[in-house]
Structures are given as structure tokens and as C-alpha cells.
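Chemist: Positions annotated as repeat 'TPR 1' by Swiss-Prot: 2-35. Feature annotation from Swiss-Prot assigns repeat 'TPR 2' to 37-69. Here Swiss-Prot flags 70-103 as repeat 'TPR 3'. Positions annotated as region 'Disordered' by Swiss-Prot: 117-137, 198-245. The domain 'STI1 1' annotation in Swiss-Prot covers 134-173. What Swiss-Prot lists as phosphoserine is Ser168. Sequence annotations record features per position, and here Swiss-Prot assigns compositional bias 'Acidic residues' to 198-207. Summarising the annotation, Swiss-Prot assigns compositional bias 'Basic and acidic residues' to 211-225, 234-245. Feature annotation from Swiss-Prot assigns motif 'Bipartite nuclear localization signal' to 240-257; the stated evidence is sequence analysis. Under the heading repeat 'TPR 4', Swiss-Prot lists 243-276. Taken from Swiss-Prot, the feature repeat 'TPR 5' covers 278-310. The repeat 'TPR 6' feature in Swiss-Prot is assigned to 322-355. What Swiss-Prot records for 382-415 is repeat 'TPR 7'. Marked as repeat 'TPR 8' by Swiss-Prot: 417-449. According to Swiss-Prot, the feature repeat 'TPR 9' maps to 450-483. Residues or ranges marked as domain 'STI1 2' in Swiss-Prot: 520-559.
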Amino acid sequence: MADEAKAKGNAAFSSGDFNSAVNHFTDAINLTPTNHVLFSNRSAAHASLNHYDEALSDAKKTVELKPDWGKGYSRLGAAHLGLNQFDEAVEAYSKGLEIDPSNEGLKSGLADAKASASRSRASAPNPFGDAFQGPEMWSKLTADPSTRGLLKQPDFVNMMKEIQRNPSNLNLYLQDQRVMQALGVLLNIQIRTQQAGDDMEIGEEEMAVPSRKEPEVEKKRKPEPEPEPEPEFGEEKQKKLKAQKEKELGNAAYKKKDFETAIQHYSTAMEIDDEDISYITNRAAVHLEMGKYDECIKDCDKAVERGRELRSDYKMVAKALTRKGTALGKMAKVSKDYEPVIQTYQKALTEHRNPETLKRLNEAERAKKELEQQEYYDPNIGDEEREKGNDFFKEQKYPDAVRHYTEAIKRNPKDPRAYSNRAACYTKLGAMPEGLKDAEKCIELDPTFLKGYSRKGAVQFFMKEYDNAMETYQKGLEHDPNNQELLDGVKRCVQQINKANRGDLTPEELKERQAKGMQDPEIQNILTDPVMRQVLSDLQENPAAAQKHMQNPMIMNKIQKLISSGIVQMK
């Protein structure tokens, strides 16, 4: 049940449904409250929802349960970063690296935490920070007619939440007139916002907080002519508009597959305005589409470097890293080539947890694993390892035999013989679930490989699942009706089933069989079926009705199942 909930949580997380992921991981935690991986996963889901307090709580629990696990400290550091607790984040990442010095995620996280801590110490406190604190902010914005309607706009609400979480983020949104309007309401002052057709942006002098008497003076003054835009502001805006125009022309050319023209426009935009890294990432996308992967990687590195200098949006930096990872993946030919791909995607995810990037990371890890298997594939060495395993098996050195059979499987994962032999070893060692899994793999690889049925039936017999073992042996006999090993297996199962039917089991055997039977979902369904409950009641109280029931083949099969499991005894 816990594994199922965990799997659902992972699937929801990969698809970007973080709320569902939290719910599924919570269900799994309720079933296995000491599983550190579940707390780690839920911490990541909370962080993706910007619920950093909850993410921190789960990360602390992860470290408490598994203090020697590097990923726990990665979660802890990420949560502290989200809460702008930069020194604590540095400490968490550093502790993680003491445990796992080669972990790229921890290295990248530590670098980001140190950079954030440095920026935090270097930047002056925001003078407007108090205006955005507490629930009073939302009350003021709701009460004022000029901002009430803005609260219906999701992007505006998200910006205000970001500013409330970290008042320093106000600098990122000062060009948004809605934010300026909200700032005026919160500070109880009148701030002139840019109207359509204005050529200048708000200067610093316009943001100075006036005295409380100034609004009254403004009303008494005669209207004055609009001041001429200061040249530096007008030129700056014109420059940005010109760069944006070049970007739009580049986008249009890109859509038409006119890549050379697109590159020219993006390059021109970069020359005009070097403070917007989207021009660089767009040019990188063109290089990627053209198959010029080295050029794409150079542009992505340039975008990341420039983005950090400008303190650009983390999402833009993450996009550049993701694009670089894609280019590296296109160039990968052997499994080792995927290592920088995976590292780059991991760095992108530390910047911004994006479902698409996570999907690409999973694909890269899967491709690396598949290539490793292909590169390791060698049937001749596989046969040698299997023979070594056989020698150890004969000497009853089963752990050594398992090791060689495992190596044989790695060298040739399509050979059912290695799985069959390892299943026999697991059976000898009492590791029945592992033995059953290997036996089923034998049958999956080659349905005509009779040893697979023999191994699976033997494991089920030792697990006292006699009905299941009987069914397995009979499936094998469909391929070879005269196979003596399978016939002997059927005979042993019949003896045990008849022993139960006659009531010859000892009290201990009966109790054990009943307990095992109650774990069988089929038995549970039979016992909860209203029709079968009536049948069982008639068997005890109404022999005539019971006789009619026995004429129904389906009911008879279910009764036989209950008898075999020891739940029902016929006397």
C-alpha cells in the first residue's frame, strides 16, 4: 500500500501536480512513518508549491531519520533557501557534502546559497518592506477601489506574494504599473503611474514619499504642463523597445524556419540591450534547432553567467541550463557522455523546479542506464560467470553463486538460464520473494523454458501456496506434458491439498494456512461476497440449499479455494 501511494506521488510530481503529490506522499507516510525517502519526496513537493515552512519540517524529519543521507541535506538547504535563511542553507549543504562530497546537487546548492547570502548582506534593506508584511496588506488592497480589481489577476497576486515573502523582490516589479498602484495604496500616498502614450518610466524622485500635507497642496495648485522626459530615461526606453522589436522579428523568422535571419535579429537585440538574457537563450534555441550544439552551449553558458550578474529571474537561468542539457544530450554517444547532461539538468532544477526539466532528467538517466547495459553486454563473459555460479552452487556456497549469476545477468540480461539458477539460489537461502521474481522473469523471457515453471512452482510450494504452485506446474505441462519434474510438482501439491481437505493438518499447520489464506486478495473477496456468505451459512444450517449451491461450478471453485486455504473444513 505504501509503495503504491509513493508511486502515485512520484507520478503526480513528474506531471507537475504537486498538490496531489503531497497527498499521496502523506498517505504513504501514514502507512510507513519511518521511511525517510517519503519525507524527502514530500519536502520536494512542498518546495515546488512554495510551501517552504512545510518543506523545511519534512526536510528536518528526513535528516533525523537518515542523518547519513546526502539528499536529506539537499532538501534542508533548498527549504532554507526558499525561506531566505541563507546562512542556514549554507550550513545544510556543507553538512551534506561532508557525507557525500561528490554530490553535484549539493555543490550547486551550496554555491547558490553562498551567492544569495552574499547578495543579501550586500543589499540595503528595502525601505518599503513593512508595507507588505502581514494580512493587513491584502485587507488594504481589497478595500481600495483602485486595487480591488487587481486581486482577480493571478499574475498580480503572485507578484505581491513574492514581494511579501521577500520585500527585496519589489525592485524586480517596479516597472509594473499595478505594483506601483498597490504601493501607493499601502503607503497611503498618491503615486503617479505611467499612462498609455508616456515615453518615460517612473524616476526615483517620483517615488519619494511626500508629506501628508502635500496631496492637499496638489489639489490647490493650477495644472502645470507635463514635464519633458529626461533624455536618459527616454533613450533607455527607446533602446529596450528597439531590442524587443528585433526579438519579435527573430521570433517570426524562427517560426518560418529562417534560422540565419533569426540569429541576426537576436544578435542585434543583444547588442542593443545586454540586460535581457532572453535574447541569448533565444539564439541558443536557434543553434539547437540547426544542430550547432557547441554554439548553443556557448550561448547558454553566456546566458547563465550574465543572468547571475544581473540577478535575473531564476526561471530564465534554469531555462538556459535546461537548453544546455538538451544540447549536451544531442551530442551524447556513450553512457559517460550523459554525466554532464544529468549534472546540467540537476543544476537547472536547483534554480527552478520545472516538470519538463525533471522529465528530461529522468530520460537522460534512463538513456545512460540503457547505454551502460549495452556497453556491458557480452554473452561470452555471461556464460563464464554463469558456469562459475554453477560451481559455487554445487559447493553449496549460495551467496557466492548469487554474485556470479548476477554478473551473468548484467552481461546478458536476455538469458533465462541465469535467472533460473539465481532463483534456485534464492530458494536455498530462503529469499522466496526474490526467487519468485527471478522465476517469473525466466518465463517472461522464454515462455517455453520449463525450468522457469519448475522454479516458480517450487518457490510457491515452499511458501505453502499450493493452489498457485499447482497452477504454475500445469502451465508448464502445457508446453511438455511428459516433463517429470513438473509432474512430480503437481503430485506434491495434490498431496498437500488433499491433506487439508481431509482435515489431517495439525493445529499449527491449520493456523498457519488460515493466516496465509486471509492475506490472499481472492480469499478476501470471497469472504466479503454477500452471495458466498449466504452459501457458507447454508452449508452449516441448510444442507438442502447447500446441495443446490454445489451444483454451480463457480461457487464450487470458490468453496474449494476456501477449503485449500484452511478457512473452511469439510467433515
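Backbone N, Cα and C define each Cβ position, glycine as well.
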Chemist: Count the residues of the repeat 'TPR 9' (450-483) that DSSP assigns to helix (H, G, I), to strand (E, B) and to coil, and report the three numbers in that order.
Modeler: 25 helix, 0 strand, 9 coil
Chemist: Should anything in the same chain at least six residues away from the repeat 'TPR 4' (243-276) have a Cβ under 8 Å from its Cβ atoms, list it; otherwise answer none.
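Modeler: Those are 282-283, 285-287, 289-290, 306, 310, in sequence order.
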Chemist: For the repeat 'TPR 1' (2-35), give the DSSP counts of helix residues, strand residues and coil residues.
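Modeler: Reading the DSSP string over the repeat 'TPR 1' (2-35) gives 27 helix, 0 strand, 7 coil.
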Chemist: DSSP-wise, what's the residue breakdown of the domain 'STI1 1' (134-173) into helix, strand and coil?
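Modeler: So the domain 'STI1 1' (134-173) is made up of 34 helix, 0 strand, 6 coil.
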Chemist: Mean pLDDT over the repeat 'TPR 1' (2-35): what is the value?
Modeler: 85
